[in-house]
Amino acid sequence: MAAGDSSRRGTATAAVTVPAVALSSGKPMPRVGFGTATATLGQAEGHAVVTEAVLRAIDAGYRHFDTAAVYNTEAALGDAIAEAIRAGTIASRDEVYVTSKLWIADAHPGRVLPALQKTLENLRMEYVDLYLIHHPVSLRPPEGDEAASAALVVKKNLVAMDMKGVWEEMEECHRRGLARAIGVSNFACKKLEHLLSFARIPPAANQVEVHPYCRQNKLRELCREKGIQLCAFSPLGANGTPWANTSVMDSPVLKQIAQDRGKTVAQVCIRWVYEQGDCVITKSFNESRMRENLDIFGWELTDADHRKISELPESRGNYNFLVHESGPYKTVEELWDGEITAGHCIPTALVSSD
């Protein structure tokens, strides 16, 4: 079935209205977003599958969409939004909130603006609502045989980011109106404080792994103090991806809470993140699950539920991809500033040490 096939909406139910939160710049961000990162970074799914998933998400009520240059889903997302406008599902581009991210190979002075312009070309949009530095590290461009490698991250090519130079160019993107807000992703406290020490325009958001097994209390406290919105990715642990944290969906504690509330483990996780005051990026291309993931309003977790979750051991799924003996972060402790340093390491062809 074609992405724009009107029969797609034949069984649609009423769309959910998602609350939004004001940021330090730009328009309010819907508190629940739809993610487009896949385990194969878009290769297995293809353009049409991603476009169709986004169209179904729009039907369900999602208005916040998260992509990145490295996900290979920007063009599909842009096509879906254009189709939704043509179909009248949404009135205009202004009805959606679009986040994209600067990949580490472009996190160098002189490469930021061209990278965002390429993102906008992919999306076929004049601006993104939020543009994030994807990771607090840079990557030397591949040379020779490396350029043909399947690896996305060649660890020996990791280098320290010129954070001041890169952020100045992020600020220029904001001043030009190409990014209505700018922010960061995967920044722990020390790195965020370093950025704030010279930023003329402070980051509006910090997108990091957050779920009941990676609660980020220290980082959340700093973000609140500095007026930065914390945004959660992998709220369900991202099972099946190279960055998975398998503790979450298999948790006996979360399964019991879900049974007590008459909800699913996924709904408990998303609701828990929501109750922390964070925005949360969910990801499922299955229509029933994408609707289930929006069914987190009109009920609450109990104090006892929160107490049980607060006692769970913490770990990361997004753990040591950017750690290497020759790189700027030689240990997990250095990468994450000593915050939540236990983690899961899943071998993947996307990352190479050589």
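If you go along the chain as it appears here, the first residue is 1 and each next one adds 1.
Here the Cβ of each residue, glycine as well, is placed from N, Cα and C on the backbone.
The domain 'NADP-dependent oxidoreductase' annotation in TrEMBL covers 32-312.
Neighbour count (other Cβ atoms within 10 Å of the Cβ, all protein chains): 21 for Tyr71 (active site, proton donor). Marked as active site, proton donor by TrEMBL: Tyr71.
Per TrEMBL, the feature site 'Lowers pKa of active site Tyr' maps to Lys101. A sphere of 10 angstroms centred on the C-beta of Lys101 (site 'Lowers pKa of active site Tyr') encloses 28 other C-beta atoms.
Annotated substrate binding site per TrEMBL: His134, in sequence order.
It is 9 Å from the Cα atom of Tyr71 (active site, proton donor) to that of Lys101 (site 'Lowers pKa of active site Tyr').
Separation of the C-alpha atoms of His134 (substrate binding site) and Lys101 (site 'Lowers pKa of active site Tyr'): 5 Å, rounded to the nearest whole number.
Per-residue confidence over the domain 'NADP-dependent oxidoreductase' (32-312) averages 93 (mean pLDDT, predicted model).
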